[in-house]
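Structure first, then comments.
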């Protein structure tokens, strides 16, 4: 919001929240009814019915730009501004679709009020020429001076400062303005459209093309990576006066007092407001190569719906913990299409970039879903993808690669040991993060606890937790004889005295992994604390019990560019497996943590706290759960 919000700052339907699209419902219903149900051919007008597809196409167009921009800026090649994007910017820009709703209302109302807008032809060349001339003339000229006026301290503090709150822009930053500003912009952009309507030269193509042009140029100018090749300006030098570039407009967001033009820089040249470094930044951005991080965290997709929660997906969903939404079932065609794409494409891709002090971080994702990791016929393919990622990291000179989620599955690759055996000369350190995961679980157990229940599929982490607790004199109870035998075989004789096979469910502290059933949860006493040691959280069956998050810690403030949540974890909370890779690089540890290898648990815990990571308390977890 602007520093001193003026009148008409808020959108009229803000109070409706997620139901704001209902303001379009009467018009959508009426246009659909008149087109398909009317017996009078004069009332069946494709112009009226096509407004809705136009609005939907604009939403898709914008989303494509959002995903492309986030992917390219994460990779780093041609990135313009390095400043980070945080949650406050994502929240501020989450209403980017308001302007589409607003435009939709005006399109519908304009159609109903103006007889000349009815039954427009599909194409008219003269109308397209008129729109082009009016845009490059009156629209660009008036916008330039309106923009300069908006930078006067009176209007800037009340309106335009809201837009300039984003230094590192995203495509949708282009439409983040107070309602009053959008009224003025629509007035300008309507000049060519109304002119063609009243002169009888309007067409469906001219309207659609002009709206698409405005969206394209707006998104491109704020995408924060340079994509206009230099050869275009070499072939036609005057083009630099009629088309701006992303780096050109980026300077307006960093310098504020230059490059005021809309899409055509000619008025900056005419009125001497061109930033002198425009050409330099353009060439520098074009030459910038992809970033080589110090640490890579290798994760994968979880559910088919998880594509929407990726940072490359829907920004508003990615900025909150992963939860299922009722409207996802309406999007099943898109979900199915994405599954096919990931199945066919089959290559690891960059999801996110971060900075931790002087360490550059990236997150890469394997295009496989959780269910595929349990399919025997998929194991070889998944292992190959993981191995290719490790080899790529090694070739690029990346220091550490941490294995997230099921990429370190014991049955899949023996906690990553498979790749070290295949490539013993690897320079990149492969980390499964088990030591920190164990440390987080141990430090989540309430102080003073004398006994706990350990239940779930036994893993490297589970064995280490049982050993550490038994050595500390805390009784560990198992509920199944097979689990008891396997744990007992891995304990020293002294430690084994604290391992018991129990048929009672009296303990109120349960350490749980994959395989915990709902029936077992129901047998736990009221008020039981379930602490997962697994990568995935258990399905919650009790409302009278407490559920901790999977092993994770709160990140320090010096972790930059955090604008999305890691799966189901709260904001600015990072999984122990991901943190482990950062610690490995920060501490300069020169060992792999794979297979049966475990670091000193106390040493790893101390390192995490020393670098600013904080334990995730039950209060934090409960607060986040109540919000969702």
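Each residue, glycine too, has its Cβ placed from N, Cα and C.
Note on TrEMBL: of 107-126, 127-146, 147-166, the range annotated with the feature transmembrane segment is 127-146. Among the ranges 185-211, 212-238, the one that TrEMBL lists as transmembrane segment is 185-211. TrEMBL assigns the feature transmembrane segment to residues 326-346, out of the candidate ranges 284-304, 305-325, 326-346, 347-367. Taken residue by residue, the domain 'Fatty acid hydroxylase' (139-273) breaks down under DSSP into 93 helix, 1 strand, 41 coil. When averaged over the domain 'Fatty acid hydroxylase' (139-273), pLDDT in the model lands at 97.
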